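Here's what TrEMBL has on this protein:
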{"type": "TRANSMEM", "residues": "6-27", "note": "transmembrane segment"}
{"type": "TRANSMEM", "residues": "65-84", "note": "transmembrane segment"}
{"type": "TRANSMEM", "residues": "96-117", "note": "transmembrane segment"}
{"type": "TRANSMEM", "residues": "129-149", "note": "transmembrane segment"}
{"type": "TRANSMEM", "residues": "155-183", "note": "transmembrane segment"}
{"type": "TRANSMEM", "residues": "246-269", "note": "transmembrane segment"}
{"type": "TRANSMEM", "residues": "289-306", "note": "transmembrane segment"}
{"type": "TRANSMEM", "residues": "327-347", "note": "transmembrane segment"}
{"type": "TRANSMEM", "residues": "367-384", "note": "transmembrane segment"}
{"type": "TRANSMEM", "residues": "391-408", "note": "transmembrane segment"}
{"type": "TRANSMEM", "residues": "440-459", "note": "transmembrane segment"}
């Protein structure tokens with residue numbers, strides 16, 4: 001990193017942290033007590049603060065990583081600064097933990113962008129800093145910086161694990177992956193993703209050697225026709241069935257294998273992946289979740305995905321391959337017809353944006369969910385098109401992880417899309433400076449609207465005296 005870039009990054013991080021502190025103060029003044037899921041998280045952390053480590057709220061569904069780390073940070077800080085009484089492990093102190101995670105996420109996002117795109121000499125230091133700033137203010141994640149939720153910490157440890165994986169520090173990566181798992185059990189998928197990065201790299205190397213042996217055959221390791229894909233899948237099966245290759249991959253990925261094995265032991269002993277309230281978190285094959293994620297990604301990455309050039313390219317592809325797209329349409333329609341689920345929380349809780357998305361869009365008519373299929377197909381095509389710079393093995397690995405982390409979820413919850421979105425966004429090519437600025441301005445606008453609604457547009461339910469607020 002050059003000196004000018006280091007100064008620029010320091011200035012951007014300092015400025016962002018200062019503005020976040022000001023916003024944090026505004027949120028804390030308006031919402032002093034626990035709100036939404038904080039009514040479970042805050043008392044649990046406070047119980048740990050008082051040394052009651054065997055006390056557990058059965059409504060909490062995640063492991064105690066957030067509470068353990070909070071005690072590990074707040075208690076020493078209180079001792080050093082001489083804090084006593086209610087200020088120790090107060091709502092404000094616990095929320096401040098996530099503000100620290102937010103600053104860490106900013107730095108990790110920059111380091112990941114630097115590592116992933118280090119071969120692209122056309123990208124300037126300013127563009128990397130701008131892109132890191134944009135992702136650090138990603139609205140769905142940034143909002144929960146100011147509440148005591150698991151999301152900022154979950155993202156921090158997962159991104160840190162991914163960074164260590166890219167640098168080849170796999171034991172450290174697996175250890176950080178365990179920390180992420182302690183924040184949210186589904187983060188085990190991103191441990192598999194890190195292992196998949198190693199496997200995809202070796203597969204790509206072997207595939208290039210295979211291509212050298214068949215120079216007369218025009219087979220692409222990036223993308224190609226259906227026959228090319230068939231050959232790649234055949235090569236994949238042959239490679240993974242080789243005992244020699246399996247041993248080599250096991251040697252490289254054993255820290256991740258151990259962590260995944262530990263996860264399965266946990267699931268067996270616990271009787272499921274959810275720790276507490278399982279009735280509201282039942283796993284199912286909710287395939288339309290993938291379509292919701294693609295729509296979510298198009299919305300927040302429209303400078304990348306929703307451009308006139310991409311639309312023209314998609315229409316040309318549609319004209320060239322009508323049979324394939326017709327088959328995809330039939331499959332999408334079938335998946336929506338047979339595998340659409342509506343969680344009771346989605347219909348009952350009018351504090352979340354998803355409540356209004358579902359009511360204003362999907363509940364207008366029963367056919368709406370089918371009429372959106374052309375948009376889903378475009379979103380999927382555009383999504384894949386932006387990843388064409390990655391190897392086919394990386395894309396397959398990421399797709400498997402994306403399906404694993406979204407499809408089993410019955411509840412439509414935008415927070416579940418944060419990590420798959422960030423991993424995707426980190427790995428696509430940089431835009432022009434103008435489009436980067438447009439993306440940042442859009443995120444700032446969405447954040448401004450969200451915080452304005454949360455702070456100022458309060459309301460009350462008929463049977464409750466508590467103030468209710470709009471949120472993600």
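For all residues, glycine too, the Cβ spot is worked out from N, Cα and C.
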Under 8 Å, at least three CB pairs between the transmembrane segment (289-306) and the transmembrane segment (155-183) (pairs 6 or more apart)?
no
Among 6-27, 367-384, 440-459, point out the range having the most Cβ pairs under 8 angstroms from the transmembrane segment (129-149).
440-459
At a C-beta cut-off of under 8 Å, are there same-chain residues at least 6 beyond the transmembrane segment (246-269) that contact it? List them, or none.
170-171, 173-175, 177-178, 181, 185, 188, 191-192, 194-195, 198-199, 202, 240
Please report, as numbers and ranges, the same-chain residues at least 6 past the borders of the transmembrane segment (65-84) whose CB is under 8 Å from any CB of it.
41, 44-45, 48-49, 93-94, 97, 100, 148, 150, 153, 179-183
Are there residues at least 6 beyond the ends of the transmembrane segment (391-408) whose Cβ is under 8 Å from a Cβ of it, and what are they?
186, 189-190, 192-193, 196-197, 199-200, 203-204, 207, 221-223, 229, 232, 236, 283-287, 289-290, 292-293, 384, 416-417, 419-420, 423-424, 427
Which one of these stretches, 6-27, 96-117, 155-183, has the most C-beta pairs shorter than 8 Å to the transmembrane segment (440-459)?
6-27
Would you mind listing the long-range same-chain contacts of the transmembrane segment (6-27), meaning Cβ under 8 Å and 6+ residues beyond its ends?
95-96, 99, 102-103, 106-107, 110, 125-126, 129, 132-133, 136-137, 145-147, 451, 454-455
Which sequence positions outside the transmembrane segment (155-183), separated from its termini by at least 6 residues, show Cβ-Cβ distances below 8 Å to it?
62-66, 68, 101, 104-105, 108-109, 111-112, 115-116, 141, 190-191, 193-194, 197-198, 252-253, 255-256, 258-259, 262-263, 418-419, 422-423
What residues elsewhere in the chain lie close to the transmembrane segment (96-117), defined as a C-beta under 8 angstroms and at least 6 residues from its ends?
1, 9, 12-13, 16-17, 20-21, 24, 66, 69-70, 73-74, 123, 128-129, 131-133, 135-136, 141-142, 144-149, 151-153, 155-156, 159-160, 162-163, 166-167, 422, 426-427, 429-430
